[in-house]
Amino acid sequence: MLYSCVGYCSTVPSLVVDSYRTKDSASPGRRTETGAAAAAGGAGGAGGHGGGNNAGFVSRLLSKPQPWEDIESDYDEPPVRTASRDLLDTDRMRFGGLGSMSSFSSGAGSKKLPQAIIIGVKKGGTRALLEFLRVHPDIRAVGAEPHFFDRNYDNGLEWYRELMPKTLEGQITMEKTPSYFVTREAPARIAAMSRKTKLIVVVRDPVTRAISDYTQTLSKKPDIPSFESLTFKNRTTGLIDTSWSAVQIGIYAKHLDNWLQHFPMEQLLFVSGERLISDPAGELGRVQDFLRLKRIITDKHFYFNQTKGFPCLKKAEGSSKPHCLGKTKGRTHPNIHPEVVRRLRDFYRPFNLKFYQMTGHHFGWD
Ligand SMILES: Nc1ncnc2c1ncn2[C@@H]1O[C@H](COP(=O)(O)OS(=O)(=O)O)[C@@H](OP(=O)(O)O)[C@H]1O
C-alpha cells in the first residue's frame, strides 16, 4: 500500500528548519547517549488527580510562556491530506493496513467515530501500539494518521467518520495521531465529539524521546544543526531551549494538564513506551483491560526479532506472516555527549515527578 502526503511533506519540514535558523550550528561533539531507553517500571492509568493546580506548578518551572502552537509534528506516519469529500475514496485506498481495506471491501458494518484514540506522544511507540492492537478482532483502526483534531478540523466530523473503517456491533474504532497530545485545541474538540472517548498516551523517557525526534528530523534533513546546539539557549549557562519542539513535547505534565481540563483521569491510559518494547504483551494486557476487551493479544503473539532489535508480531493482522515495523521505527540514535544528556535529565526531573504524581505512576525515567 503506497502512501502520499500531499500538502504536508513539503511544508512541514521547512517549519522545522525555520526554527533552526536562529540556532548556532556548532559541531555535534557526539559521544554516548547515557541512560536512554532504560526499561521503566509499569505504566499508569487512572490516578484520580485533577488538573487544577498543575498549571501554576509547571509555569513556575518554565522561564517564559510557551508557543504551544508552534510545536512541530514531523512524523514518519503518512498523514491524511486536507481533503474535500471527493478525495475520500483515494484516501481510503491509501489507509494502509489490511484491516481498513478488508472492512472496506467486505462492505459489512458501518463507519463510526472513534471510541478510542492514541493521542501521543510523538516517538513514544504509537505505531507499535496501534499495529499490535489491530490484531484484536474487536478493534478496527485507520492506518494513516487522520490529524483531524489538529490540522483537518475544518473538514467536519462527517469527513472524519468517512475515514474510519467499517465496524460491526461491539467492535471499537480507533485512530492514532501523536500530535494531538500537544495540540491545545485537541482536548476540547475531542470532548465535543464525545466526552466518553478513551484516550491512550504512549509515553517514553523525554530525553530519549527528544533524541528520537531529532534523529527522525536528521534523517530527512541531514544539514540541521547538532542536537547539542539546538538543546541549549545558552551553552555556557546550560539554559535549555524549551521553545524547541523536541524539548517541549517531553514536558508531559504541562500537556496533560490541558487534557485534564476536559477529561477525567479515568479516561486516560498511559502506556510505557519502554515496557511496550521490553514486555509488549504486558502493556497490551493493560490496554485491552482499559478498552474493556477480552485479553486476546498475549505473549503468544510476539517474538523478539534479533535483527530488528524489537518485538515483532508472529502474524500481522489479516496475514499469516511475521511482521516487524518498518525501518523508520527503531532507528540508531546519534551519540549525544553525556553532559548534554545530564543537563536534559536535570531539566526534565521536576516535570517528570509532577507527571508521576498526576498519573499515579512512576515511569522510572530518573
Ligand atoms: N516493536 C517495535 N518496533 C519498532 N519500534 C518500536 C517498537 N516498539 C516501540 N518502538 C519505538 O517506537 C518509536 C517510534 O514511535 P512512534 O511510532 O510513536 O513514532 S511517530 O511519532 O509515529 O513518528 C521508535 O523510536 P526510535 O527507536 O527512536 O526510532 C521505537 O523505539
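Using the three backbone atoms N, Cα and C, a Cβ is placed for every residue, glycine included.
Small disclaimer: the values here were computed from a predicted structure and weren't measured.
The region 'Disordered' annotation in TrEMBL covers 22-49.
Residues or ranges marked as domain 'Sulfotransferase' in TrEMBL: 114-349.
When secondary structure is read from DSSP and collapsed to three states, K123 (active site, for sulfotransferase activity) falls in the coil class. The active site, for sulfotransferase activity annotation in TrEMBL covers K123.
Sequence-distant neighbours of S212 (3'-phosphoadenylyl sulfate binding site) (same chain, six or more apart, CB under 8 Å from its CB) are K123, R204, R331, H333, listed in sequence order. What TrEMBL lists as 3'-phosphoadenylyl sulfate binding site is K123, G124, G125, T126, R127, R204, S212, K329, G330, R331, T332, H333.
Annotation note: C324 (disulfide bond) sits in a coil segment as assigned by DSSP. Just so you know, the Cβ of C324 (disulfide bond) picks up 19 other Cβ atoms within 10 Å once every protein chain is counted. Feature annotation from TrEMBL assigns disulfide bond to C312-C324.
Remark: of the binding-site residues G125, G330, the most isolated position is G330 (fewest other Cβ atoms within 10 Å of its Cβ). Within 10 Å of the Cβ of T332 (3'-phosphoadenylyl sulfate binding site) there are 7 other Cβ atoms, across all protein chains. Candidate binding-site residues: G125, R127, G330, T332. Those with a Cβ under 6 Å from ligand 1, in sequence order, are G125, R127, G330.
Ranked by Cβ neighbours within 10 A across all protein chains shown, the recorded positions K123, R127 are led by K123. S212 (3'-phosphoadenylyl sulfate binding site) falls within a helix when secondary structure is assigned with DSSP. Under a cutoff of 8 A between CB atoms, and with a sequence separation of 6+ in the same chain, the neighbours of C312 (disulfide bond) are F302, Y303, F304, N305, P322, H323, C324, L325. According to its DSSP assignment, T332 (3'-phosphoadenylyl sulfate binding site) is coil.
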